[in-house]
Amino acid sequence: MSDTIRIDVGDGSPEGANSAYVLPDRGVLIDPGPPTERAWSSLQAGITRAGLSVTDIEHVLVTHWHIDHAGLSCRVAERASAALHVHRADCPLVGDYANARERRLERDERTLERWGVPEARRTQVRDGDSPSPLPDSFPAEPHVDGDVVAGVEFVHTPGHTAGHASLRADGIVYLGDLLLPTYTPNVGGSDTRLSDPLAKYLSSLDRVENAAERGYPGHGTTIDVPAACEEVRDHHRERAQACFRALETAQSTASTPWAVARELFGEMSGVHAKFGAGEAAAHLERLAALNLVRPLEGAGTPVEYAPAVESYPGEIDLTA
């Protein structure tokens, strides 16, 4: 069994300070953190506390493409001559950063417009997405569910991103942003490539719920995995009902995801406009799959939803 050394690399995203993990006996580093000098210094100090130097790292494993997790991955891999490992669905966003970023920005623009996000807010989102100091391209090894690297298994857990992977070893699961200790990860706005992201996310919870009792998240400290899974399911049941209620009380006959998001979260700007609209869109899409709401006939851009039933049912299974 390999010990786990947690490193608080600081410089967090909206989710808070990042946690990187070193498995010294395996030469493995998980989610090295954001591409800042402060995080780099914290990471090096943590690796030293683990009894290693950066050049002792043999494998860098990344749970998903977001820059606060993958931002230092190429720097560590290059310094240590280590292999960089990412699930194949997220691999291009790390290994082919420059091209993938342009495609992502174009896709985000189209998606936000479809959700009804105003042009001024869409501009804020794009302008706030400043280029990262990641290399334009870097060799990264793509993986699929069940692949094992240095005794660490890739468990595909999409929802937060298309290629999000939890990593399992020695009865522990490294969760990335699948579960967080103080609030729920964003679903919908965090990766606009996904269709029905909430269904995928809830299925991912099923995959890890019994994989390990103890989990290490990408932000914060240890989580009780089964308890956290149930708490998050309850949260999404409540949010789905809140989205339905927002449609019921809307002044017009139908509402866009952006209008529902404003009802739930109030005014949003910057990246929060993307996250908020995405959350609403993900829940409305799931409710539409369950025939509880419906997109208007011929709905184009922006898409609008209306209730498809007279009243919201009691307890519902969002994965049905």
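Cβ atoms here come from the backbone N, Cα and C positions, even for glycine.
Here is what TrEMBL says about this protein:
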type	residues	note
DOMAIN	16-219	domain 'Metallo-beta-lactamase'
REGION	116-142	region 'Disordered'
COMPBIAS	119-129	compositional bias 'Basic and acidic residues'
For the compositional bias 'Basic and acidic residues' (119-129), how many residues does DSSP put in helix, in strand and in coil?
10 helix, 0 strand, 1 coil
What is the average pLDDT across the domain 'Metallo-beta-lactamase' (16-219)?
96
